[in-house]
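Each remark here refers to the structure printed beneath this line.
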Amino acid sequence: MLANTITGSLKNDSGGDTHPADTSLQDKLLRQQKLLDIISSLPTDDTTPEHPPHAMEQLLQQLMELTGSSWGFIGEIKTGPPASQLHTINIINHVPERGWNFTPALQMVAGKGQAAILPVTPDNPAPFIGLPVVYNQQILAVIGLAGNTGGYAPDTIPFLQPLLSVLGHIYRHSLREMNSRQLHTAFTRLKTEWDSLMLTLDDILFEMNDQKIFTHVWCSQENLLFRPREEVIGKTITEVLGEHAIAFNRMADKLLQTGEDQEYVYPDIRQDPQNWYQLKMRLIRDKAPAPKRILLMIRNISESERRNNSYLQAQSELRRSNQLLSICQQMGKMGGWEFNTATGETYWTREIYDMREVPYDFPITFHSAASFYHQEDQPAFIEARDELYHQKKPYDLELRHVSAKGKEIWVRSIGRAVFNTNGQLTHFRGIIMDITDKKDAELALMAARDHAQKAAQSRSDFLSVMSHEIRTPLNAIIGIAGILEDHPVPDQAESLQNLQFSAQHLLGLINDILDFSKMEAGKIELEDIPFDPDALFRSIARNYQPMAESKGIELITRLDLLPATLKGDPVRLSQILSNLLNNAIKFTSEGAVKLEIRKEALTAASCTLLFTVKDTGVGIVPEMQDKIFDSFVQEDSATTRHHGGTGLGLAITQKLVALHKSTIMLESKKNEGTTFRFQIDFSIPEAAHTLVRSKNKRPPGFLKNMKLLVVEDNSINIRVLELQLKNSGALIETASNGRLALEKIQQQPFDGIILDLHMPEMNGYETIPHIQQLQPDAFIIVLTADIMPEVTARLARLQIKDMLPKPYAAEDLLNMLAQYSNG
């Protein structure tokens with residue numbers, strides 16, 4: 001607000017203009033006294049309601065007289081810095097006819113709160129001084145004085161500073177008083193309007209403090225409170241509502257804890273007919289540290305509830321008649337479409353518009369949907385849509401969907417024809433369901449399956465190679481040791497026995513690793529062949545006798561009288577007992593290891609045997625007894641360092657026992673020994689089908705004149721095989737690979753071919769079909785160091801039934817050849 005308009009100048013008594021720069025000491029004292037008089041004449045804080053115009057006019061006249069100015073103004077700044085607005089300041093801001101332009105000085109005063117003196121220049125012939133009125137760094141007003149013919153001395157600014165400070169206090173007090181009156185007026189008006197509004201509502205409104213005590217009540221009809229208003233204010237929820245306060249208290253507590261609005265609908269059984277009320281609670285968010293307040297509103301919604309019930313009944317009828325909505329609800333979250341065959345109108349639900357990222361007023365037709373499918377999938381959709389349209393044939397497709405903005409998703413698109421009760425076609429209806437997550441999961445599953453298959457194949461290939469590379473030299477070692485054992489030199493008997501045991505032990509470790517891999521893949525199946533149990537069990541015990549003797553412990557074997565022949569898997573049974581005996585001897589430093597096999601049940605067709613392996617070794621602590629059957633687990637790391645082993649033996653043993661549909665039991669005490677027990681059911685074959693193998697009972701030359709072709713790339717294994725067949729009478733030719741074998745087969749006939757699988761140039765798999773074509777009557781026996789499950793399946797496809805895994809026992813090879821001899 002401009003407190004004073006431009007006024008004329010004042011002259012001194014002598015008729016001359018007052019010029020501060022030429023004032024004598026007496027003049028200075030006079031000016032100081034005038035300044036004090038001006039300050040004294042200003043209204044005090046208690047008497048200043050709001051700076052009235054006449055007070056500001058008087059102040060401006062005194063300032064102009066004191067500074068010898070002929071023009072002046074006092075302008076109040078309404079909005080504060082930095083975007084200050086000076087009202088009516090343009091009156092003297094620029095006076096072209098006098099050449100006055102005070103804009104730069106005013107910008108400094110009003111914008112930066114700094115006093116400024118504008119000297120006389122050719123462009124501005126009139127001097128000017130601008131003074132800010134500041135309180136607490138806030139610019140409240142600006143005083144501008146101009147027209148002193150001698151200009152304004154620099155000390156004018158500090159001279160007037162006391163006056164400016166007093167003015168700042170007066171302005172600030174005036175603003176506070178005005179704001180306080182305005183706030184009071186606004187609050188009074190708001191309270192009046194609020195109370196008037198509350199009296200027009202049927203709702204009941206309460207205010208509570210954070211102690212859940214009612215502080216205000218607004219209600220147009222006090223009878224709705226069920227008690228006088230004064231009995232509510234100052235009382236807690238529990239005091240007002242009694243036993244009905246539980247739910248209200250719970251809501252208030254949750255509101256105070258979380259700040260989340262609370263809502264509750266409840267019936268009032270005290271009324272007849274019963275009314276329904278809606279309770280809402282909301283937190284009144286005052287600035288901290290003010291205590292929390294709760295606004296609670298209760299509204300009678302009985303009519304709304306009755307209307308809602310009627311609406312729900314009508315809506316239920318609508319759902320039954322609205323087949324499109326029924327389809328959508330049955331099939332989940334999706335978009336629906338409808339084509340009216342009578343009007344040709346096509347309808348999409350909003351979900352389809354959103355899915356296709358087009359506005360809701362997007363023009364649509366029955367045929368326009370095809371453009372939203374992937375270009376490669378459009379033909380399939382168009383064909384299905386046309387069959388629906390012309391043949392009424394429903395469709396259900398999974399397609400790639402592309403929105404108008406290029407977003408690609410997978411959808412399930414379904415369409416069907418709709419007929420009225422007279423069998424007339426009325427609509428085509430369908431849904432589009434976003435199945436991207438399902439499709440992504442399927443694709444991820446396929447990728448994971450492919451990756452797993454490749455990993456499994458890589459592992460299988462690796463194990464196959466490792467099996468072949470390790471078993472091939474082992475075959476030579478065990479074979480040579482077996483040949484030397486047939487004609488031992490007295491001084492070498494013990495060494496040969498140790499060599500055979502070490503080789504068998506190494507073979508056992510390799511078998512553990514390969515068997516564990518096959519078990520993980522679920523590729524181990526038990527055989528069901530006849531075997532001599534007594535011979536098998538005594539052979540197993542005999543194999544571990546050297547190991548027990550080397551440790552100075554006794555190996556005790558106790559066998560019941562057993563049937564001459566049982567049917568089962570002698571290889572896996574031997575593996576189970578060998579693992580248990582190996583562990584028992586390994587962990588026993590004194591005492592004995594006992595293998596006991598007892599008949600638990602015996603009939604003409606079956607026999608149940610109980611196997612027990614007991615030792616007096618280190619024992620197993622209770623906390624480890626459930627873990628030792630885990631893969632790669634031994635009791636502690638020191639066990640591995642001291643006793644060796646892979647940590648797979650018991651894991652494999654447990655799985656093999658489980659394959660026999662049995663369970664291995666464990667009893668052990670630390671430093672007292674360990675006992676393992678399990679039982680297996682065996683069938684007893686008919687006497688005609690029993691197989692009894694007796695070593696060294698065949699007469700020399702029992703394969704006399706049998707012509708055999710041995711196809712093997714390892715010269716040592718060839719030599720071992722020749723020695724194993726030395727006394728059989730067989731006539732042996734050799735070839736180092738399949739190509740050379742076929743050359744010999746073309747030159748002469750053979751009774752049988754003993755064939756390795758892994759060979760250079762032409763392997764066994766490639767050679768077998770040619771052999772079968774060239775000499776179909778010759779038998780084929782495969783000797784291979786590759787014992788992976790895939791080998792058996794692959795040989796079966798080639799119609800090969802005779803296969804021995806390396807290292808093999810010479811006795812097994814002789815038995816297999818014996819079935820083809822004429823003797």
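Backbone N, Cα and C atoms are what each Cβ position is placed from, and that goes for glycine too.
Annotated compositional bias 'Polar residues' per TrEMBL: 1-12, in sequence order.
Annotation comment: TrEMBL describes 1-23 as region 'Disordered'.
Averaged over the domain 'PAC' (395-447), the predicted model has a pLDDT of 91. Residues or ranges marked as domain 'PAC' by TrEMBL: 395-447.
If you look up TrEMBL, you'll see 465-684 marked as domain 'Histidine kinase'.
Taken from TrEMBL, the feature domain 'Response regulatory' covers 707-821. In terms of DSSP helix, strand and coil, the domain 'Response regulatory' (707-821) has 49 helix, 24 strand, 42 coil.
For Asp756 (4-aspartylphosphate), the Cβ neighbour count at a 10 Å cut-off comes to 26, with all displayed protein chains included. The feature 4-aspartylphosphate is assigned by TrEMBL to Asp756.
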Item to check | the domain 'PAC' (395-447) - residue tally per DSSP class, helix then strand then coil | outcome: 12 helix, 30 strand, 11 coil
